[in-house]
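Input: a single structure, listed below in structure tokens.
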Amino acid sequence: MKREKFLDEKIPMVEIFNSISGEGITSGFLTTFVRVYGCNLRCSYCDTKYSYDGEYILMTPSDILKEVNKFNCRRIIVTGGEPLEEDKLKRYIPIYLTQNGYEVRIETNGSVKLYNEEEILEFTGSKERKNLFYTLDIKCPSSNMDKFNIFEENFKRLILGDEIKFVVGNVKDLDYSMQVVEKYKEYFKGVTLNFSSVFSKVEPSQIVDYLKAKNKFFMENNLDVRVNIQLHKIIWDKDKRGV
Ligand code: SF4
């Protein structure tokens, strides 16, 4: 991907709006959301089907930047759909926004590769990832998409400030999540592990009880674990868009 080509192209986008972050370690922070169009997965519980099965508008990177600038908000979450689909122009929107002064977090579904150093170098002039963080999903069995998870290749790219999100729909998913944590724990130092329930499928208190029983393991391995409540679904109607 040549940076110049990216700057000239129109990219399918779903919506750009300002709200609060509803999930993870940024929960509650005022944030601008940049939602790209298209997703390579079809999770059983997807609550944003409109991001791959609805209408989209075409925007150039500078159109996107103009829209984002209107909100005067330092934090951006680029979400979807899937922002990092390979060989798609949308993949470079997050880096482009960091180059324009924003702190950007990418919500990625864990089935596509995170940026390699060469991609970051091409767009920023440095191999170092700055002001750019990942919220990396691990798909559990109840999503029906777990076979697409990329583990080690993505985990080795995680740094302080990144987070992992397990969306769990039942106890089998919790067991699966813990197997992943146990196997790859050496990659998760400084990375927050979020456990989130599929809305109305698992009680958060059930997740708390499950995790409390693993406290010794988390302490011995210096792992930071939190239960994630989807704030936006409490503040607003669970199906309301653009909030
Ligand atoms: S990865 Fe996200 S957007 Fe894609 S189908 Fe799954 S939940 Fe929906």
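Note: Cβ is positioned from N, Cα and C throughout, glycine not excepted.
What TrEMBL says about a protein is an automatic prediction, not a curated fact.
Take the substrate site that TrEMBL assigns to I20, S21, G22, T79: the candidate from R35, R91 listed for it is R35. In this structure, the binding-site residues that sit close to ligand 1, with a C-beta under 6 angstroms from any of its atoms, are C39, C46, T48, chosen from C39, C46, D47, T48.
Per Cα geometry, G81 is the residue among the binding-site residues S21, G22, R35, T79, G81 nearest to C46 ([4Fe-4S] cluster binding site). Across the residues the record lists as binding S-adenosyl-L-methionine (Y45, C46, D47, G81), the two Cα atoms farthest apart are 13 Å from each other.
Remark: G22 (substrate binding site) has Q230, L231, H232, K233, I235 as non-local neighbours, by Cβ distance under 8 Å and separation of at least 6 in sequence. Put simply, G81 is the one of the binding-site residues C43, Y45, D47, T48, G81 whose Cα lies nearest to the Cα of R35 (substrate binding site).
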